[in-house]
Amino acid sequence: MTSTFALVLLLGGMAVCVATGVFGGYSERANHQANPEFLNLAHYATSTWSAQQPGKTHFDTVAEVVKVETQVVAGTNYRLTLKVAESTCELTSTYNKDTCLPKADAAHRTCTTVVFENLQGDKSVSPFECEAA
């Protein structure tokens, strides 16, 4: 009887995790555009990635956060879909989301990346995958 009860609890807990999207896969985040944490992650990812691109002279910047999905692992994966454009800030300067605005004539690209934040708060950015402008 005790083992049956434990099995029911285990299966019930797994069903809740699967239904809420906590168990394994990515979950889309609602109200992502109103959440400053996601905007800060988007700017962090975009500035970090663009600074590592050979031949670039200017940072890219975030024009829009299109979609945010999260996955809980040993930390959190944030899969970000962004519209990015070349900014007015040169790579020799310090990136600032408030002053590094898109150039007026810059093409906007839709890009996807994953930012992993471990349990200590350290972040890493996967390469961007962008659609042609």
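Indices start at 1 and increase along the chain as displayed.
A Cβ is built for glycine as well, from the same backbone N, Cα and C atoms used for every other residue.
Taken from Swiss-Prot, the feature signal peptide covers 1-19. Taken from Swiss-Prot, the feature site 'Reactive site' covers Gly24. Residues annotated as domain 'Cystatin' in Swiss-Prot, with sequence analysis given as evidence: 30-118. Annotation comment: Swiss-Prot describes Cys89-Cys100, Cys111-Cys130 as disulfide bond.
Features recorded in Swiss-Prot, as mapped to the structure shown.
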| residue | record | DSSP (3 states) |
| --- | --- | --- |
| Gly24 | site 'Reactive site' | coil |
| Cys89 | disulfide bond | strand |
| Cys100 | disulfide bond | coil |
| Cys111 | disulfide bond | strand |
| Cys130 | disulfide bond | strand |
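For the disulfide-bonded residues listed here (Cys89, Cys100, Cys111, Cys130), the lowest count of other CB atoms within 10 A around the CB belongs to Cys130. Sequence-distant contacts of Gly24 (site 'Reactive site'), defined by Cβ-Cβ distance under 8 angstroms and a gap of at least six in the same chain, are Gln71. A Cα-Cα distance of 20 Å separates Cys89 (disulfide bond) from Cys111 (disulfide bond). Cys111 (disulfide bond) and Cys100 (disulfide bond) have their C-alpha atoms 18 Å apart, to the nearest angstrom. On the backbone, the CA of Cys100 (disulfide bond) and the CA of Cys130 (disulfide bond) stand 20 Å apart. For the domain 'Cystatin' (30-118), the DSSP-based tally of helix, strand and coil residues reads 19 helix, 43 strand, 27 coil. Note on the domain 'Cystatin' (30-118): its mean pLDDT in the predicted model is 96.
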